[in-house]
Amino acid sequence: MAGTISRIRLENFMCHSSLHIELGDHVNFITGQNGSGKSAILTALCIAFGCRAKSTQRAATLKDFIKTGCSYAAIVVDINNQGEDAFKPEVYGNLIILERRITDSSSSTILKDQHGRKVAHRKDDLTEIIEHFNIDVENPCVIMSQDKSREFLHSGNDKDKFKFFFKATLLQQVNELLETIKDQLNNADSIVEELEKSIKPVMRELDELRQKIKNMEHIEEISHDIDNLKKKLAWSWVYDVDKQIGEQTVKLQKLKERIPACQERIDRNTVLLDELKKELIEKEENVRSLAKKTREVHMMRKNMDDSITEVVKQKVELEAEHDRHTDMLGKMNKRLRQLQAQLRDFQLQHMQHTQVEASQIEEDIQNIQSEIDYAHSNITRLKEDEKEFSEELSGILKSISEITKEITENDKKIQDLKYETDDLLQRQSNKVTAFGGQRVLNLLESIERNNRRFKSPPIGPIGAHLQLASDFWSFAVDCAFGNLLDAFIVSCHKDLQTLRECAKQVNYNHLRIIVYDFTRPRLNIPDDSLPATKHPTVLSVIQSENHTVLNVLVDQGSAERQVLVQDYEVGKSVAFDHRIRNIKDVYTSDGYRIGWTSVFRSYPVASGNLRFSRGSVQTILPPNKRPRAGRWCSSPGERIAELKNEVADFQRINSEKRGQKRKLDHDRCNLEQKITSLKRKREPEERRLANKRLQLDDAKKASAENNSHTAVDTSELEEELKHVKNDIQQKELLLQKANVRLTAILREVDDRKAAYKTFMDSVNDEAGPFNNASSELDLAKEKLEAAQQEKTHYEGVMRNKVLPDIKMAEEEYAELQQLRQDYFKKASIICPESDLEVLSHVAGSTPEQLSAKINRLKLRFDQESRRYSESIDDLRELHDQKEHKIFRKQQLYAGFRLKLNSCQKALDMRWNKFQRNAGLLKRQLTWLFNEHLGKKGISGFINLDYKSKVLSIEVTMPQDASRDTVRDTRGLSEKWA
């Protein structure tokens, strides 16, 4: 059984040097002579469980318990931790080892698991275990020492006996707690009263503001009149422009009447122009025919001039070409003689060269090659060192990357754990927040405010109306239903709309609402519709006092067809091996779903996951991660402590990893400096090697050119000499042909000049008729030009006088229209035109008159406003601000008062329960006391008065002839003795 003591070990404690006691599962008796250390064992248990030395009444300080002559004392207590009431079995296992060590200067407490590994050492951890197993060593009903027994039996004071009873039954602890709460509520009530009184001065200020605003309303009436006049002024500008538009329309009509007279003159000249143009066309046709003949003559003349010019040009070109060929032939002969002399001199000079230059080049090549080999060896060595450092740097960078990745993953885990911790802390204050957070609390308050609007009060969230038969399935049920647990249930569509409005008011978006008949009885599911398996279903592990909630979970969540299993292997067997009917999904205790989309055959993959396949469908399930607490977790405090420990562990690991990363960064910087130094040494060597290789190539080229220089130069001179001889022969042939062509051209020039003279004599006889026709054509053109000028004059009048005036008038009309639109738009912004009917029409008022009236009212408004330092708008704004502030404070203080009333109501209910439990304990004490006396054949009674805080006992002994009544426990002890 969890919480029982299985072993006690004492070392150097009081009279015991080394004591080991094995205790049974039930009642244990320890016997021995006086002074043998029986009471020391009981004292050791009190000290081990945190009792102070003075409370044991055996010593003043803890060091007094150390055996004389020893430097320390140790107490080791083994506590069983098996069964349903086990305390953190995943941490401590089946056994909790409590070790208390005492020295002259200090004391320590260590908690270990069943394997002896240290788990905790803080006093809070020990207190948590004591509260879990309800071990109160200072309660005399738990541990009754000799001193306490003697004190109780020898006490004749009824008040002392009452204190003993009050403390032993834990009524004293509950009474003190309720008294503390009562004092705190009284203090809170006084604070709220002070806050409520603090509003009254502000309320008086608000009343003063209202009176001041009322006195200033006549100034607002003047302002209102000014606004109305501004509206009239805005529309008076519109009506004034309308008047100008009417005048401009009359002017435009008069200007358009000038167009027909001017157009008649233009049309008459247009007809005259058409007649003159026909006459001009006839005369032009005649002149054109004569001109055609004249052009043909001129063309023939021009062709003859061109042919003579061409022949003369060819003559000049042939003469120039003849002279050019002659000069070129002379130059070629001179060049031929020079080349022949140069060839002879060149052959004599190159025969005198020796082999000294060739041997010098070979020696230079050998020296350069040795320098190249030395530089190449240095570069190879530097590259090998650089490669070695680069490989080491690559390994360090890889380690840094892995550490950084691990730190990032741990930070993410820390954030997840903190988020889960905050969620659990919120659940501790109110379990409803597990199904929607703070939003659901706001929504419930809104539903309470609008309760009358609902036909039936909504039910929700669904998860808050459920209880689990066992916390073991908490996470599995949570995963099976998902966000269905956050949903609300209403009875009709109207309630659905009302609930959506309430959710919108508190910004609860996407709230799931289910419409269901609340009058429908609990669903009766036949056995043949349930899965035929021994494993529980979700419906079998959930409980609810509201049958509508269970019906919705069956209809919407298929709770009766979702099976719960302990682990994945069992779930796979249930889902796939046995082919059980009526199964929708299978959920493991850690929340993994195994459905019909999973597949039959399973095998591991490289990532460490499990893959299941059947046919062409495959599903990969991740390996089991750390399970989080479900939303029905019954001990969130333990889970919060676990999460905080995990966060501390991850933070410690991250701190170590960051230290490793800093060391690797330092090593990386050193390696990068070494690699940079090697590169600075290698680059000059590479440049030197490249320069030497270029020098070697130049030397080899010089050697090759020296060997072939003589033969190449001689062949070039001979080739050039042969080419010059061929050019001379070609130029002589061209010169002969040019002489023949020059002679033929000279004869052709003479023939064409004689033919040109004969043609010009015949042309002069045909020029008379053409001159007469040209004169008649000029006269027709003058008449046409005069008619055209008259037409142009009237067109100019139309274009420059009539039409521009009309256009200007139209532009002014358009500007007035645009101005009216602008005035209309501005006036419409100030007020609609329909409002003028209420203000009286403004057609009889000019803008100037209205402006003067507005100025007079503004002057009066300014005079009245000087009487007050603030405007009425500022006062109204200040009034609204204060009124809103007071309203918010009233709401806030009303909320405080409501919560205080709720707390006071809860306190009164707990006081009633406390008094009822105290009365029941009194009855139980009386019954048990009388039953015990009856078994002994003794008569008497016990009186317990909570009001007077006394406990008195009266007993009449049957063997006492005096039949005196014994009221003192000491006398009672003597009678029994």
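Including glycine, each Cβ sits where the backbone N, Cα and C put it.
No curator has checked TrEMBL annotations; they are predicted automatically.
Just so it is clear, the model here is predicted, and its values are computed rather than measured.
Range with TrEMBL annotation coiled coil, chosen from 167-219, 538-590, 591-643, 856-908, is 167-219. Annotated by TrEMBL as coiled coil, the relevant range among 14-41, 266-293, 294-321, 910-937 is 266-293. Helix, strand and coil content of the compositional bias 'Basic and acidic residues' (682-703), in residues and according to DSSP, is 22 helix, 0 strand, 0 coil. Nonlocal intrachain contacts for the compositional bias 'Basic and acidic residues' (682-703), taken as residues 6+ away from its ends with a CB within less than 8 angstroms of a stretch CB, comprise 358, 361-362, 364-365, 368-369, 371-372, 375-376, 378-379, 382-383, 386.
Mean pLDDT, taken over the domain 'Rad50/SbcC-type AAA' (7-233), works out to 83 on the 0 to 100 scale.
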